[in-house]
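Visitor: I have a structure I would like to understand better, so I am pasting it below and will then ask my questions one at a time.
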Amino acid sequence: MKNILIVEDDKALAEGIVLVLRQDGFSFQCCHNVKDAKKVLEKNIFDLILLDINLPDGSGLDICRGLRKEERLDPVIFLTALDTELHEVTGFQAGADDYITKPFSLAVLRERVMAALRRGERRSSSGKASPVLREGPFTIDSENQSFFMGDREILLSRTEQKLLMVLIKNKNRILERDTLIEKVWGNDGEFVDENALSVTIKRLRDKLEKDPRKPEYIQTVYGIGYRFQINEGESQ
């Protein structure tokens, strides 16, 4: 599922965009100012960002420049009332992939969004990008065996990666301990001490959770197993 961030202070417009694009199966997160957008971008990578320029507490140009300075590749489409040629050139110089002036047709916006997503997919394909799984703040590149929480890379052992992949792919579902052991250790599962699962869970919590004693993501379901919890606000 494609994840789209909308940074727009006009809440009615943001809701209209969500209404039109949700029909294509996308998920969304909405922010209405620079401060909130920066907080969200610290923890998440998006397939596309729809970004207003004139925001109550700053400029969307600065957000885009910041992403490019960090070598982030999240595609950015500016949505703005600034309609002069100079403004448009400035937007592209800041790192935008497209620039749409207000007022605009939501139908046209949808087509521009779809085109930007297609370009992103072709770019990844031509660059032989690895299969990547994204959920909330987490990004797993299984082929290159790399894991990120926001922009921060976290080093995981092979077993930790396999366990985390199973948990994330089954987000918000309860998985029994036996099921996890079978999926992670495979044919050797019957010879694995259940303590190995507990130890691996503890190591993941130590690396991912702010407070491993009160886990936000890897939750214990007593007497059954574990659940990887992604709240609605994070997955949208």
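Backbone N, Cα and C define each Cβ position, glycine as well.
Keep in mind that what you see is a predicted model, and the values were worked out from it rather than measured.
Among the features that TrEMBL reports, DNA-binding region is placed at 130-230. If you look up TrEMBL, you'll see 3-117 marked as domain 'Response regulatory'. If you look up TrEMBL, you'll see 130-230 marked as domain 'OmpR/PhoB-type'. Look at TrEMBL and you will find Asp52 tagged as 4-aspartylphosphate.
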Visitor: Treating G and I as helix alongside H, and B as strand alongside E, what does DSSP give for the domain 'Response regulatory' (3-117) in helix, strand and coil?
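Guide: With helix first, then strand, then coil, the domain 'Response regulatory' (3-117) has 55 helix, 28 strand, 32 coil.
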Visitor: Kindly report the helix/strand/coil residue split of the domain 'OmpR/PhoB-type' (130-230) according to DSSP, in that order.
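Guide: With helix first, then strand, then coil, the domain 'OmpR/PhoB-type' (130-230) has 42 helix, 25 strand, 34 coil.
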Visitor: Once the chains shown are all counted, how many other Cβ atoms turn up within 10 Å of the Cβ of Asp52 (4-aspartylphosphate)?
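Guide: Step by step: centre on the Cβ of Asp52 (4-aspartylphosphate), count other Cβ atoms within 10 Å, giving 27.
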